[in-house]
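Per TrEMBL, the features are:
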DOMAIN    B:25-530  domain 'Cytochrome oxidase subunit I profile'
TRANSMEM  B:37-58  transmembrane segment
TRANSMEM  B:78-99  transmembrane segment
TRANSMEM  B:120-143  transmembrane segment
TRANSMEM  B:163-187  transmembrane segment
TRANSMEM  B:199-226  transmembrane segment
TRANSMEM  B:246-270  transmembrane segment
TRANSMEM  B:282-306  transmembrane segment
TRANSMEM  B:318-340  transmembrane segment
TRANSMEM  B:352-373  transmembrane segment
TRANSMEM  B:385-409  transmembrane segment
TRANSMEM  B:429-447  transmembrane segment
TRANSMEM  B:467-489  transmembrane segment
Amino acid sequence: MSSTSHGSTPYYYVPHASRHPAMAALGLFFVILGAGQWVNGVEWGKYSLFFGLVFWLGVLYQWFGDAIAESEGGQYGHKIDLSYRWSMSWFIFSEVMFFGAFFSALWWARAHSVPMLGNLDNALLWPDFKAVWPTAAAGMTASPAGIVEPFQTMTPFWLPTINTALLLTSGVTLTIAHHALIENKRDTTIKFMWLTVLLGVVFLFVQGYEYAHAYSDMNLKLTSGVYGSTFYMLTGFHGFHVFLGMLMLLVITLRLQKGHFTADKHFGFEGAAWYWHFVDVVWLGLYILVYWM
Amino acid sequence: MSAVLDSHGHGHDDHHGAPHGWRRWVYATNHKDIGTLYLLFAFTMLMIGGILALLIRAELFQPGLQLVNPELFNQLTTMHGLIMVFGAIMPAFVGFANWMIPLQIGASDMAFARMNNFSFWLMIPAAAMLAGSFFMPGGAPAAGWTLYAPLTLQMGPSMDAGIFAMHILGASSIMGSINIIVTILNMRAPGMTLMKMPMFVWTWLITAYLLIAVMPVLAGAITMTLTDRHFGTTFFNPAGGGDPIMYQHIFWFFGHPEVYIMILPAFGIISHIVPAFARKKLFGYASMVYATSSIAILSFIVWAHHMYATGMPVTGQLFFMYATMLISVPTGVKVFNWIATMWRGSMTFETPMLFAVGFIFVFTMGGFTGLILSMAPIDTQVQDTYYVVAHFHYVLVAGSLFAMFAGFYYWCPKWTGVMYNETRGQIHFWWTLISFNVTFFPMHFLGLAGMPRRYADYPMQFADFNALASIGAFFFGFAQVYFFLFVVLPAMRGHGEKAVAKPWEAAEGLEWEVPSPAPFHTFENPPKLDATATRVIG
Amino acid sequence: VNDLPGGPAVRQLNLQPGATKIAQEQGWLHWFMLIICTVIFVAVFGVMFYSIWKHRKSVGHKSASFHESVKVEIAWTVIPFIIVILMALPATKAVVAQKDTSNADLTIKATGYQWKWGYDYLKGQGEGIAFISTLDNAHREMSNNGAKGVDIDNYLLKVDNPLVVPVNKKVRIITTANDVIHAFAVPSLGVKQDAIPGFVRDTWFRAEAVGDYYGQCQELCGKEHAYMPIHVKVLSAADYSAWVATEQKKMAAKQDDPSKVWNLADLSKRGEKVYAANCAACHQPNGKGAGPIKPLDGAAVVLDADKNKQIKVLLNGQNNLTMPSWKQLSDTDIAAVITYTKNNWSNKTGQLVQPADVKAAR
Ligand code: HEA
Ligand code: HEA
Ligand code: CUA
Ligand SMILES: [Cu+2]
């Protein structure tokens, strides 16, 4: 319920009863139900999964539509704006912790499990295994049980470095767009936003190409031992986040074209930008820890 | 900002009434309704988890397998743990948070009302998947609630259902926590500074922070389990350079803070009840806040006390041992503060106070057994025995659950508008307290004598204490059925003495400034507070 | 039932009496902690109940108004801190002693299997001895039958082959596992060490008295977790030497000639035993599997004309080692069990796998 009916912007806008949350939960029900079946090779799983996803996205579309309409309708006061800022910051913190789990896994594998598998005590179990990171580079060592086919490791040159450049540039273009918005040069904003989105898309294509190359030319796969596991899960989740961030920026761009946001009130824009910068920083971590070290 | 406010305060006539029928609940955006939903959901899960526990106890009543086979036994144990932790205790505290935080800080609602409802409704599919996994081929997950690799790799399809359900529960927790933090940080009534905030709000602020920090880590751990199971990764498989112990480190980095997530809000509730019934202000408010924060900070560096038996280097064992022992200090501060609050008060012992005193007494026993467990050499004897089971039921049941009962009795008038029946409350308390101890105290002996946990059958020497524990468990279960049928239901139906706005003589806080039951909308415009931020003055 | 020496006693209230220095130290530490905690507990709750009694409203007590005192708050932060440090001191000593596995007289590898223990004497007197230790099947049956009327002291603790060690010698136990995590634990010897697949960990004990000591697997390892006991038999030096001698003779007699060529009937018969001891727990005696466990009856790999496929599975495991590797079995045993599965139930391939085939595939 809006908190007061008089005055234009309420002190703190509280929405009316809404069917979106329950519907979104229903959508996700089909998603997890399907996912759980599909990974076990049950055919209908994937239909449930996709149905759920589409349903959920449909609900989100309406939900965000409502929120945008409320925002544009002047229902959101200063307090709400602050709430969004806080919530976006905490959400990004939770994402940092999520990536933290996978970075820790990488660190643990390199600093503990692989060296330990190769140490003297463990020679009892794996006499032939020499602990060299990665666990099974061609012609160097074998994985402890020899279940990993030889593979090559991904080096920073050139695809990952190109991608670094792409992401860093996109950070700059995004900032230019932001400044332009503050100065009310909306055309510039929109132009640079498209450029940012484009850079994101190119990044994803380069990464896709990198994966294809890894699979077909380097024999580097998800199954390439713990190196392959951490490599693909870290870069994969990052890529997925780039995709999400790119979608956010795309929505913001379309909204800008519709005339949404003003020079001094545009948290939707900023939130997406924070997210993008976060994705950027994670990439730098990856670039150093996964590709260089 | 035209945010300021026609300030004729709270409780002015609102032309939006409460919506009616099922839509009121399914489409809810009202923090009180959502709080109620959470509480009912949690109670249902407590019943389900409780029934699983009773099946476990029934099987363990005598040596030998009588009711279930060992496969099913492990499923029962696992699902009991998962359902109690993620389905009962955590959601119940979120329910308390939903109901009380906006009332206690003078906010109109939670910061994101729709997301709030989303957090709730996400739990339904997840719970359905968890409970439904018993009917999947191969039965429910049976790797323990800790889901250790590589045993999880041997589980059937229900493991994946479980993993996805946990993802959803995690998402729900994270959204719920963000909501709570933002509400607390951004929606306090003017004049309520952080250091004037009610303790329950403080403890939840810190709990929510813990949740946001560790739920994603759990998500990471179970995602790795999922890919190890189906996509050929080898995070936890030494054959490919991975390590099963890595799972444990990641899990317990989540798991230990998780246990404080389940106790800090309980500390908050107790910190309201003790002063109210001692008719004396909470002793050492500031040190309570600092103690809570130190517990939270320390909770991130003690996780490996669950892993002494995995074989760490000496330095690792010593570090985690010292860090764990340190947590007794801030926890002790809390206990001492509660007792100092009682000291030279003017005490009465209505049911909330009984449960609060019971909490302090029995929880401290659980705390001491925790301290004993934290000593690595003693843990060598009792790790993975019933001593641990006794420890954590003392802190979880006599801790978290007792605090919830206390909180229910304390705030029931505000929620329902009627007083609960005092005699029945007292019966419930004594029945619960006694049967609780009959159930779980003998488990200390079993553990010390070496009875391992997660055992479907055990040597004859353990028979008597097991029988005693099983009998206690059934009495304990019936006490909760009594509670539901004879205390909760009548109150929900509005049977009982009408409650005034502030039924407890010396209770403090903004929740007592609004009528009982709390109207559908409260504090739509920020109230004006007195200097202590406990009374509304305009 | 009676008390079981070296195992639990009836209605036992405290730790099992220690038969090693470490176990005694643990017992002492437990008393030490228990007493301090009890004293604090009684003191703290003495105060609380005194207050509850005296400061009741019903006796007309009026509440005071104090609600802060920096002095006492500092006191009850600092004093527990000091207490905790005092507790940590003896614990530290014990941890260091417990962890010191150097200079062992005898080194034994204990391998956890689902659901039995394998012992390999690696170094010291008896080197080369290796055997598997399983719960007495009669006990497992009793358990299934509800243990009605059962009145035996070592229920669920009786094994076919106990782990035999000499008295007063430092025995280093190296743990590892074949499939999932298990834990090697013997309370009266004061040891508990998880057995982790793919990794080795170690612990040690020096038993001070001859006798039998019992323990159980203490890490959830699947359905038969409650049924993989540990029985350590501590013998005097002389008895131990005698045991080693007979054991080594037995080993020599059992030694199979890996180049022997077998006929189908003999090999199948032997395979049946290997199957019952190792495979039936998961794949079921009828070969149909259960839940996530794949059936063998009619399985493509088993029926395949290329016998190397099945040999590979047994040697290396499959499905992320959900099907563990069985390479610790002898060539003859592996050959026998494969031959058995290829010619049992509805599988009638007539194929014969010789030990030499397995040896070649290793
Ligand atoms: C609400 C949940 C909760 C809480 C609050 C705690 C609190 C503590 N826990 Fe517990 N714990 C669990 C839930 C909880 N635990 C669970 C669920 C498990 C098992 C998980 C599993 O394996 O499935 C577990 C297991 C567990 C273990 C691992 C046991 C094992 O597997 O071998 C250890 C070991 O150190 C431990 C220690 C502690 C300690 C030191 C505290 C401390 O916080 C306690 C501090 C409190 C006090 C000490 C009492 C009050 C203090 C005073 C009155 C001051 C004076 C005191 C002194 C100076 C000593 N816990
Ligand atoms: C979080 C909170 C929590 C709570 C509240 C409980 C409550 C109880 N638990 Fe606990 N338990 C855990 C958390 C909890 N548990 C965890 C985390 C584990 C570890 C799991 C693992 O090892 O992986 C565990 C493990 C565990 C074990 C060890 C199992 C094993 O190792 O094999 C046992 C054994 O006795 C047990 C017993 C009980 C009992 C008797 C209760 C009682 O308090 C329950 C009381 C019962 C009720 C409240 C139900 C009332 C309902 C009825 C009487 C039926 C009436 C029917 C209708 C109304 C329709 N639990
Ligand atoms: Cu092996 Cu439990
Ligand atoms: Cu812990």
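Cβ coordinates come from backbone N, Cα and C, glycine included.
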Please determine whether the transmembrane segment (B:199-226) and the transmembrane segment (B:282-306) are in contact (criterion: at least three Cβ-Cβ distances under 8 Å, sequence separation 6 or more). yes
Sequence-remote partners of the transmembrane segment (B:429-447) [C-beta within less than 8 Å, at least six residues beyond its ends]: 57, 351, 354-355, 358, 362, 369, 382, 385-390, 393-394, 397-398, 402, 405, 453, 462, 465-466, 468-469, 471-473, 475-476, 479-480, 482-483
Relative to the transmembrane segment (B:78-99), which of B:120-143, B:163-187, B:282-306, B:318-340, B:385-409 accounts for the most Cβ pairs at distances under 8 Å? B:120-143
Residues of the same chain, at least six outside the transmembrane segment (B:318-340), with any C-beta under 8 angstroms of its C-beta? 267, 270-271, 274, 282-284, 287-288, 290-292, 294-295, 298-299, 301-305, 308, 312, 356, 360, 364, 367, 371, 374-376
Taking the transmembrane segment (B:246-270) as reference, which of B:120-143, B:163-187, B:385-409 has the most Cβ pairs under 8 angstroms? B:385-409
What same-chain residues lie close to the transmembrane segment (B:120-143): Cβ under 8 Å, and 6 or more beyond its ends? 26, 28, 34, 37-38, 41, 45, 48, 71-72, 74-75, 77-79, 82-83, 86-87, 91, 151-152, 154-159, 161-162, 164-166, 168-169, 171-172, 175
Same chain only, please: residues at least 6 beyond the ends of the transmembrane segment (B:385-409) with a C-beta under 8 Å from a C-beta of the stretch. Say none if there are none. 46, 84, 89, 92-93, 96, 259, 262-263, 265-267, 269-270, 273, 350-353, 355-356, 358-359, 362-363, 365-367, 369-370, 373, 420, 425, 428-429, 432, 436, 439-441, 443-444, 446-448, 450-453, 483, 488
Looking only at the domain 'Cytochrome oxidase subunit I profile' (B:25-530), report the model's average pLDDT. 94
